[in-house]
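First up is the structure itself, then whatever we jot down about it.
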């Protein structure tokens, strides 16, 4: 499943295609959304927001399209009039004079009023988004030490969208390697330096991935361009200590780590 950085880059692509342009055609597959088609003609997308792995498309009439791609959903940008050859099932079409965005295969799609936006179950449940520029390491540290999260093992905590939205498996693996911790650690057992390093890594690594992944220079480290240090690198040498990277399973997901320097 795509993680926060990939969802945000997808949102950027959608914004670049149709933001601010009047909608000339709107189509929804689901019957409960059909009544909104005419309401959106002539309106425009004001911005596309991400909340972890959910995407919120905001319109100028204050309606918001909520979509969660889950495992199979995917957005596509095409020139208006183009019909992609695909076996995927079309769910949403938002068309402007020159560009059209299409959502395929997703099943979790709703239209929300401003009031519903504040009470939506998923949006109420998710924690702060790691790509939110207003989220600080200090706030992350407070969440780590809160009664709700301080006794949780990182193996599960870093996959829990209620803790921080936008994290996923590759980020979990890379963050824990960066700070030299294992999935079995808990926030309550860390010293001040470890807590500080983890709070920064929980923001720095997702943001670096968002900014630079896809522009990878294999000779660069986390401080420059993003590349995987341990994810999918089992059997290779750890660049930090020379140990052998291993693969196991934690919280039902593949987990990669270096026993030589993560302890």
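Here the Cβ of each residue, glycine as well, is placed from N, Cα and C on the backbone.
For the ranges 194-228, 229-263, the feature annotated in Swiss-Prot as zinc finger maps to 229-263. A Cα-Cα distance of 8 Å separates residue 3 (active site, proton donor) from residue 169 (DNA binding site).
Separation of the C-alpha atoms of residue 253 (active site, proton donor) and residue 2 (active site, schiff-base intermediate with DNA): 14 Å, rounded to the nearest whole number. Note: residue 125 (DNA binding site) has non-local neighbours 161, 162, i.e. same-chain residues 6+ apart with C-beta under 8 A of its own C-beta. The recorded positions near residue 53 (active site, proton donor), taking a 10 angstroms Cα-Cα threshold over the set 2, 70, 169, are 2, 70. Residue with the densest Cβ environment among the binding-site residues 70, 169: 169, by other Cβ atoms within 10 Å. The active-site residues considered are 53, 253; of these, 253 has the fewest other C-beta atoms within 10 angstroms of its C-beta.
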